[in-house]
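According to TrEMBL:
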- 6-27: transmembrane segment (TRANSMEM)
- 60-81: transmembrane segment (TRANSMEM)
- 93-114: transmembrane segment (TRANSMEM)
- 126-149: transmembrane segment (TRANSMEM)
- 155-183: transmembrane segment (TRANSMEM)
- 246-269: transmembrane segment (TRANSMEM)
- 289-306: transmembrane segment (TRANSMEM)
- 327-347: transmembrane segment (TRANSMEM)
- 367-384: transmembrane segment (TRANSMEM)
- 391-408: transmembrane segment (TRANSMEM)
- 437-455: transmembrane segment (TRANSMEM)
Amino acid sequence: MERAEAYGFSAAMSGAFLLSCLLFAAINRRQRGPYMDEAFHVPQAQAYCHGRFLEWDPMITTLPGLYLVSVGAVKPTAWLFGWTGSVMCSPGMLRFINLLFSAGNFYLLYLLLFKIHQKNKAVSGFQRILSTLTLAMFPTLYFFTFLYYTDPGSVFFTLFAYLMCLYGNHKTSALLGFCGFMFRQTNIVWTVFCAGNVVAEKLNEAWKTELQKKKDEKLSSRKGSFSDLIRILQFLTEYLLSPKNLITLTALTWPYIILVTVFFGFVFINGGIVVGDRSSHEACLHFPQLFYFLSFTVFFSFPHLLTPTKIRKFLLSLQKHPVQYSLVAVISLFLIWKFTYAHKYLLADNRHYAFYVWRKIFQRHELVKYVLVPVYMFAGWSFVDTLKSKSVFWILMYFVCLLAVTVPQKLLEFRYFILPFLIYRLNIPFPSLYRQLLELAFYIVVNAVTFYLFLNKTFQWPNSDEIQRFMW
């Protein structure tokens with residue numbers, strides 16, 4: 001990092017943290033007690049603070065990573081400053097843990113952008129800092145910086161594991177992946193993603209060698225045609241069926257293999273992936289979740305994905321490949337028809353934005369979910385188009401992980417999209433400075449509206465005296 005870039009990064013990180021501290025103070029003044037899922041997380045952390053490690057709230061569905069880290073941070077701090085009693089593990093103190101995770105995420109996002117795009121010499125330090133600031137302000141993640149939820153810590157350990165993987169420190173990456181798994185069980189998918197990065201790199205090297213042998217440069221330049229896809233799949237099958245190649249890949253990825261084995265052991269002993277309340281978190285094949293994620297990504301990355309140039313390119317692609325797109329449309333319609341689910345929380349909890357998205361859009365008419373298929377197709381095409389700088393094996397591996405982390409979820413919950421979105425956004429090429437500034441401005445506006453609604457537009461349910469607030 002050059003000196004000017006180091007000063008710029010320090011200023012951006014310090015400024016963002018100061019702003020977050022001011023916002024943190026405002027939120028804690030207005031909402032002193034636990035809110036929403038904090039009603040489960042805060043008492044559980046307080047039980048751990050008082051040494052009651054065998055107590056467990058059966059409504060909690062995640063492992064105790066957040067509470068263990070909180071106790072490990074709060075206890076020494078309380079001893080150092082002489083805090084006792086209710087101050088030590090108050091909701092405010094526990095929430096502050098996530099503010100620290102947020103600062104860590106800021107630094108990790110910068111390091112990841114630097115590492116992933118290090119070969120692109122056209123990217124300036126200012127652009128890296130600007131993109132880091134933008135992603136650190138990503139609304140769905142930034143909101144939960146100020147509440148005692150698992151998301152900031154889950155993102156921290158997963159991004160840290162990804163960074164270590166990119167630097168080749170696979171044992172450290174697997175250990176950090178385990179920490180991420182302790183925050184949220186579905187993070188095991190991103191451990192597989194880290195292993196997949198290693199596999200994709202080896203496959204890409206072998207594929208280039210294969211092309212060189214056959215002197216078939218035409219194939220590599222026309223990435224995306226159906227015949228190319230068939231040949232790639234054939235190559236993939238042959239490569240993975242070779243014992244020599246499998247031994248090589250196992251030697252490279254054994255730390256991740258051990259962690260995935262531990263995960264399957266946990267699932268077998270636990271009788272499922274969810275701990276605690278399983279009745280509200282049943283796995284199913286909810287394929288439209290992929291469509292919701294793609295729409296979510298277009299919304300939050302519209303400066304990159306929703307441009308006149310991309311729309312024109314998509315329409316030209318439609319004209320060139322009508323049969324393929326017709327087939328995709330038919331499959332999409334079938335998946336929506338047979339695999340659309342509406343979770344009871346989505347239909348009943350009017351504190352979440354997803355409730356209003358579902359009611360105002362999807363419940364307007366039975367046909368709306370089918371009419372949106374062209375939107376999903378454009379979103380999917382634009383999404384893949386921005387990843388074309390990555391190898392075909394990386395794209396396949398990412399999509400496998402994306403499907404694994406979204407499709408089994410019955411509940412439409414925007415928090416579940418945070419990690420797949422961030423990993424996607426980290427890996428797309430740097431846009432122009434104008435588009436970066438537009439994206440940052442959009443995030444600031446969305447955050448301002450979100451926090452204004454949370455703090456000022458409160459309401460009450462007819463059968464409850466508690467103050468309710470709008471949130472992601």
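Glycine too: its Cβ is placed from the backbone N, Cα and C atoms.
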Review point. Excluding the flanking five residues on each side, which residues at least 6 beyond the ends of the transmembrane segment (93-114) place their CB within less than 8 Å of a CB in that stretch?
Key: 1, 9, 13, 16-17, 20-21, 24, 28, 41-42, 45, 66, 69-70, 73-74, 87, 128-129, 131-133, 135-136, 141-142, 144-149, 151-153, 155-156, 159-160, 162-163, 166, 422, 426
Exercise for review: Could you name the stretch, out of 126-149, 327-347, 437-455, with the greatest number of CB pairs under 8 A to the transmembrane segment (6-27)?
Suggested key: 126-149
**Study point:** Touch test for the transmembrane segment (437-455) and the transmembrane segment (367-384), at least 3 Cβ pairs under 8 Å
**Key:** no
Check your understanding: Any chance the transmembrane segment (391-408) and the transmembrane segment (289-306) have 3 or more Cβ pairs under 8 A, given the pairs are 6 or more apart in sequence?
Key -> yes
Exercise for review: Would you mind listing the long-range same-chain contacts of the transmembrane segment (126-149), meaning Cβ under 8 Å and 6+ residues beyond its ends?
Suggested key: 5, 8-9, 12, 16, 20, 23-24, 27-28, 34-38, 41-42, 45, 66, 91, 94-95, 97-99, 101-102, 105-106, 109-110, 113-114, 117, 155, 300, 414-415, 417-418, 421-422, 425-426, 430, 433, 436-437, 439-440, 443-444, 446-447, 450-451, 454, 471-472
